[in-house]
Amino acid sequence: MSEQADKCNSRWKDEAMQNGYIPSYLDKDELCVVCGDKATGYHYRCITCEGCKGFFRRTIQKNLNPTYACKYEGKCVIDKVTRNQCQECRFKKCIAVGMATDLVLDDSKRLAKRKLIEENRERRRREELQKTVWDRPEPTQEEWEMIRVVTEAHMATNAQGNHWKQKRKFLSAVGVKEAKPEDIGSAPIVNAPEGNKVDIEAFSQFTKIITPAITRVVDFAKKLPMFCELPCEDQIILLKGCCMEIMSLRAAVRYDPESDTLTLNGEMAVTRGQLKNGGLGVVSDAIFDLGVSLSSFNLDDSEVALLQAVILLSSDRPGLTSVERIERCQEEFLLAFEHYINYRKHKVAHFWPKLLMKVTDLRMIGACHASRFLHMKVECPTELFPPLFLEVFED
């Protein structure tokens with residue numbers, strides 16, 4: 001490199017530029033050493049702008065420099081205004097400031113390099129993700145005890161346990177019948193009533209299981225020390241608020257894709273249409289959709305139990321007096337729940353936030369059912385409503 005080029009190189013590198021984004025590895029306000037435009041990074045061993053980088057690359061790749069000819073004896077001043085007026089002087093300046101021709105790759109090498117960069121980037125992303133997953137905190141000893149208590153409470157109050165598929169019976173037009181292998185996927189459907197009317201026969205079948213289902217939710221709550229320590233008035237409000245949500249969750253996790261049914265209270269398998277016609281209307285769609293969604297989560301008993309505890313201890317139920325206390329209880333369960341999810345190491349992306357969204361879905365189901373309940377009271381004979389059902393869902 002000539003002495004004059006060395007001086008130019010030093011002068012260009014010392015110049016500053018106002019504003020403009022540059023990579024973090026460059027000094028602030030760096031200029032292109034060729035034309036003085038905004039520099040975007042190190043390109044072919046020099047700090048240059050995108051324009052000069054592209055010009056230099058094209059010149060080398062297509063061997064264009066022999067075709068360049070200066071009209072002014074090779075003495076053109078190259079800046080961001082004049083850089084496109086003389087290709088020969090611009091290329092000479094690129095060489096003078098130190099841009100390396102041997103670093104310009106042909107198409108095949110450039111594609112291979114790009115592929116390698118993408119592969120390395122993806123590998124680092126996977127390693128970072130794996131490191132993040134494995135480094136997340138798992139339950140403490142106290143949290144394990146909390147998880148044990150809530151899991152046992154759920155299993156002790158969850159009808160038929162893990163044997164619900166063997167124990168279930170299908171709702172039919174003539175009542176409830178035993179489930180047989182050939183019944184799967186072909187359970188008879190009660191004829192849909194006209195308009196928005198409730199199918200009284202289906203509703204009467206549902207009322208037979210509603211009281212034990214509600215009782216099991218109450219029993220679940222009573223087995224949690226945090227809940228039992230709350231004032232009785234708050235316990236009642238929490239139970240009335242969460243009952244439909246927990247029953248819906250328990251039905252949703254017993255969704256069977258083969259027969260496209262939910263199993264209520266661990267014993268009655270119903271189709272979407274039967275649940276809708278039996279009084280729940282559009283609420284049935286929300287419960288079935290939740291069941292379909294949860295089937296990909298592969299929740300275990302502890303996760304279902306913790307989800308129920310989080311729903312039970314919702315501090316925003318109207319009329320509560322111990323709001324802060326209930327909020328703290330829910331936060332303890334949420335933290336233990338998150339740590340347990342870390343321990344389980346699910347392969348579903350963003351598993352924890354996606355699962356928390358199901359709480360929102362269940363709250364919506366509860367709100368929709370409250371509205372639907374008023375319609376059911378109009379459509380169905382009062383004597384068909386079990387006393388506990390009315391006690392829980394009437395305001």
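Just so you know, glycine gets a Cβ as well, placed from its N, Cα and C.
Look at Swiss-Prot and you will find 1-31 tagged as region 'Modulating', backed by sequence analysis. The DNA-binding region annotation in Swiss-Prot covers 29-106. If you look up Swiss-Prot, you'll see Cys32, Cys35, Cys49, Cys52 marked as Zn(2+) 1 binding site, on the strength of similarity to another entry. Residues or ranges marked as zinc finger by Swiss-Prot on the basis of sequence analysis: 32-52, 70-89. The Zn(2+) 2 binding site feature in Swiss-Prot is assigned to Cys70, Cys76, Cys86, Cys89. The domain 'NR LBD' annotation in Swiss-Prot covers 142-395. Among the features that Swiss-Prot reports, 3,3',5-triiodo-L-thyronine binding site is placed at Arg216, Asn265, with the record citing similarity to another entry. Annotation comment: Swiss-Prot describes His369 as 3,3',5-triiodo-L-thyronine 1 binding site.
Taking every protein chain shown into account, Cys35, Cys52, Cys70, Cys76 are the binding-site residues, and of these the Cβ with the most other Cβ atoms within 10 Å belongs to Cys52. The Cα atom of Cys70 (Zn(2+) 2 binding site) lies nearest to that of Cys35, taking the binding-site residues Cys32, Cys35, Arg216, Asn265, His369 as the candidates. Taking the C-alpha atom of Arg216 (3,3',5-triiodo-L-thyronine binding site) as reference, the shortest distance to any of the binding-site residues Cys32, Cys52, Cys76, Cys89, His369 belongs to His369. Neighbours of Cys32 (Zn(2+) 1 binding site), defined as other CB atoms within 10 A of its CB across all chains, total 26. Taken residue by residue with DSSP, Arg216 (3,3',5-triiodo-L-thyronine binding site) is part of a helix. Comparing Asn265 (3,3',5-triiodo-L-thyronine binding site) with His369 (3,3',5-triiodo-L-thyronine 1 binding site), their Cα atoms are 17 Å apart once rounded. In sequence order, Cys70, Lys71, Tyr72, Cys76, Ile78 make up the list of same-chain residues 6 or more apart from Cys86 (Zn(2+) 2 binding site) whose Cβ falls under 8 Å from its Cβ.
Of all the binding-site residues listed here (Cys49, Cys89), it is Cys89 whose C-beta has the fewest other C-beta atoms within 10 angstroms.
In sequence order, Met244, Ser248, Leu280, Val283, Phe393 make up the list of same-chain residues 6 or more apart from His369 (3,3',5-triiodo-L-thyronine 1 binding site) whose Cβ falls under 8 Å from its Cβ. Around the Cβ of Arg216 (3,3',5-triiodo-L-thyronine binding site), a 10 Å sphere holds 20 further Cβ atoms from the protein chains shown. Taking the mean position of the Cβ atoms of Cys32, Cys35, Cys49, Cys52 as the Zn(2+) 1 site, the remaining residues of that chain whose Cβ falls within 8 Å of it are Leu31, Val33, Val34, Gly36, Asp37, Lys38, Ala39, Thr48, Glu50, Gly51, Lys53, Lys80, Arg83. Listed in chain order, the residues near the Zn(2+) 2 site other than Cys70, Cys76, Cys86, Cys89 are Lys71, Tyr72, Gly74, Lys75, Ile78, Gln85, Gln87, Glu88, Arg90, Lys92, each with its Cβ within 8 Å of the site Cβ centroid. Within 10 Å of the Cβ of Asn265 (3,3',5-triiodo-L-thyronine binding site) there are 23 other Cβ atoms, across all protein chains.
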